[in-house]
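Asker: Below is a structure I'd like to ask you about.
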Amino acid sequence: MTAYTPWTGFFSASVAQADPELDRVLRAELSRQQDQIELIASENIVSRAVLEAAGSVLTNKYAEGYPGKRYYGGCEEVDVAEELAIERAKALFGCSYVNVQPHSGAQANGAVMMALVKPGDTIMGMSLAAGGHLTHGAPPAQSGKWFNAVQYGVRLQDASIDFDEVATLAETHKPKLIIAGGSAYPRIIDFAKFREIADRVGALFMVDMAHFAGLVAAGLHPSPLPYADIVTTTTHKTLRGPRGGMVLSNNPDIGKKINSAVFPGLQGGPLMHIIAAKAVAFGEALRPEFKVYAQAVIDNAKALTDALAAGGLNIVSGGTDTHLALVDLRPKALTGNIVEKSLERANITTNKNGIPFDPEKPAITSGIRVGTPAGTTRGFGTAEFTEIGKLIVEVLDGLAANGEDNSQAEAAVREKVAVLCRRFPIYGGL
């Protein structure tokens, strides 16, 4: 019987050598990231070290279970990697329990619901239309189908959370779980008010801090952990790690339930290469310079929104306390779907986004969402974000004047974007 011999280059060939077709895709995406200004609030740019860990030999290792209690042998080194991630996360957020295994923020939220509520129970979260997230009980999501999901919103006058409505809904529906946090809410959330309401009706209180976790880690945003029974987050966005999820708590009983919900409840083997990359990112976030970065993210968001407002746009809620903002396009009689495409042709990446009380359909929208984490990672400061705000206004004014044939304004802005991106390169040598 002939023994198998790996084909030539199996252990040595690069992607370019082994798969030129895919290599072209990777090169094109690298160029896109290098040449476009990334303003999508949920995206960031990881360090070379995080990239290296995510592409490491740990991708080969199956490790069902938890450190010291695996269902496979050979887990000595991945145990160390996972423990590093856990201990660094505990240090970052000042908590006693962390699970770093969720593959995503949605998986982290799903694990909380599997652990703490039953199908048919009532949960309460911010509506998608008000800036919440799909996984907080939106009708199309699993959480909206499996649970009796009650949704609260924001006030018409200032687009801030309507705590009178939150209290009334909680008293009326007696939810088992109340959720704070969202994907398009730019203001600091009053966690103490939520805690008070949850205690009044006997509910557990969960905070999804996926968007602002990096600001919390830097000490520049109030931490939800003193108030919430359970906290979930992604590990990318402002935390600037690989794409993934995490669950945190100071309640050991809840921690045991979460561990069982993550594995074997929702997932099998954890992605050990991603957990290693999380450990690297958490180590970076523990450095003093990360606080400087996080402060710059906040300062840059204010500079960007000031420039957009000066250009005749409305900023939902009047501004931002965080890394993101919602821009109301109605003063220029534009819609988010058209603006997103025009800005992308100018090499500025945003996403169309509904605004509170939006009259447009979700596929159209009256707004766009912008964020500063990725641009700040490149090195953009307030001067650059002021310029970026002006470039956005230039594209939008062209759209308002010329309709969808906005090629002249897009070309002019694209040239200015190229100059800016060349000044702040990323991933040299890749």
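Including glycine, each Cβ sits where the backbone N, Cα and C put it.
In case it's useful when we look at the structure, here is the feature table from Swiss-Prot:
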| type | residues | note |
| --- | --- | --- |
| BINDING | LEU128, GLY132, HIS133, LEU134 | (6S)-5,6,7,8-tetrahydrofolate binding site |
| SITE | HIS236 | site 'Plays an important role in substrate specificity' |
| MOD_RES | LYS237 | N6-(pyridoxal phosphate)lysine |
Asker: Between HIS236 (site 'Plays an important role in substrate specificity') and LEU134 ((6S)-5,6,7,8-tetrahydrofolate binding site), how far is it from one CA atom to the other, in Å?
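Answerer: Between the alpha carbons of HIS236 (site 'Plays an important role in substrate specificity') and LEU134 ((6S)-5,6,7,8-tetrahydrofolate binding site) there are 18 Å.
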Asker: Just name the most isolated of the binding-site residues LEU128, LEU134, going by other Cβ atoms within 10 Å of its Cβ.
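Answerer: Per-residue Cβ counts within 10 Å for the binding-site residues LEU128, LEU134 bottom out at LEU134.
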Asker: What's the CA to CA span in angstrom from LEU128 ((6S)-5,6,7,8-tetrahydrofolate binding site) over to the residue listed as 'N6-(pyridoxal phosphate)lysine'?
Answerer: 19
Asker: Including all protein chains shown, what's the count of other C-beta atoms within 10 A of the C-beta of HIS133 ((6S)-5,6,7,8-tetrahydrofolate binding site)?
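Answerer: Other Cβ atoms found within 10 Å: 24.
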Asker: Note the Cβ centroid of LEU128, GLY132, HIS133, LEU134, the recorded (6S)-5,6,7,8-tetrahydrofolate site, then list each other residue of that chain whose Cβ lies within 8 Å of it, in sequence.
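Answerer: My list of surrounding residues reads GLY125, MET126, SER127, GLY131, THR135, HIS136, GLY137, ALA138, ALA141, GLY182, SER183.
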Asker: Using a Cβ cut-off under 8 Å and a sequence separation of 6 or more, which residues in the same chain sit near LYS237 (N6-(pyridoxal phosphate)lysine)?
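Answerer: Listed in sequence order, they are ALA41, SER42, GLU43, ASN44, ALA210, HIS211, ALA213, GLY214, HIS323, PRO373.
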Asker: Show which residues of the chain containing GLY132 ((6S)-5,6,7,8-tetrahydrofolate binding site), separated from it by at least 6 in sequence, have their CB under 8 Å from its CB.
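Answerer: For GLY132 ((6S)-5,6,7,8-tetrahydrofolate binding site), the qualifying residues are GLY125, MET126, ALA138, GLN151, GLY181, GLY182, SER183, TYR185.
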Asker: If you draw a 10 Å sphere on the Cβ of HIS236 (site 'Plays an important role in substrate specificity'), how many other Cβ atoms land inside?
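Answerer: Taking every protein chain into account, the count is 26.
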